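*Asks:* Please see the structure below; I have some questions.
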Amino acid sequence: MPPKLDINKAGWEQSEFPILCETCLGDNAFVRMSKQEFGRSCGTCARPFTVFRWNPGTGMRFKTTVICQTCAKIKNVCQTCLLDLEYGLPTQVRDTALALENEAPTSDINREYYAQNMEGKLEGNKSLLDSARAQSAGKEMLKQLARTDPYYKRNRPHVCSFFVKGECKRGDECPYRHEKPVENELSKQNIQDRYYGRNDAVAKKILLTHASSMGLQPPDDQSVTSLFISSLPVTATEQSIRTRRDFVSISLHCNSETATVPRCAFVNFRDRPSAELAAQAWANGLDIEGERVSVRWGRSKNSAASSSKPPVAAPKAAASS
């Protein structure tokens, strides 16, 4: 019985060619692929799908698809590396810059049901990712961080586990790399975090480096949980500043020359991680009422109090008798 006619296999996916980025596909123009229908379950929705396996080039390791095409179209990512197909960046970087919320369920019970419902909304190779309403500042940030050229070094073979133990006897004939592995947080990643854009170590490093280069290095004082927004437009209100970020309060301040027009604001957040995430997302500025405003970290209470105190005069030296 064909899979689509079997009620137990109605949600299983069949495809003729994978959705891949240029890096994973490789530089070989005559790449050969093996195809296995329902070869494994999807790494995100757990539904069986068609698995493709190929060698991207000479001296590279064999690569395979790890998620189904439905999940790839929902997030507009590669089926193998799970990076964004347009910018070549982790989904956490893209969603942070475009202020996109993750609506996909993460529990095992609802993931398959959600994928089946979204499959009916897909038309051909069209992605469900809607970035038309995103701010221009976020798109500009992604253009600066985008990886335009393929990075084939990512297709290198894995490190030989026997070489690490000192037991490899193949020498130069070993198909794996003979080098010591680097143990850090970047080497410990999983499919779920990369796909859903949560706790991705690579994404955190990219966002932090970009924010620091734009003058938004997080202050050492962990009590600072506010951001300072300057050059607000004349029509700016508290509601126009509010976005999907986790705010506690927004205080508007007026200019001394025009006491009725707010020109700057302090945005207070619930905790330090929320403030850091907003600073990383607004590294290129924030679009309010059609104008680009600048964002800076607020000052700590200790530094503000010390700067407001008048300087203390030095004691006069006693006259010699």
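Note that Cβ sites are derived from N, Cα and C of the backbone, with glycine treated the same way.
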*Asks:* Under TrEMBL, the annotation region 'Disordered' belongs to which of these stretches: 34-57, 106-129, 298-321?
*Replies:* 298-321
*Asks:* In the predicted model, what is the mean pLDDT computed over the domain 'C3H1-type' (154-181)?
*Replies:* 90
*Asks:* With DSSP as the yardstick, break the domain 'C3H1-type' (154-181) down into helix, strand and coil residue counts.
*Replies:* 10 helix, 2 strand, 16 coil
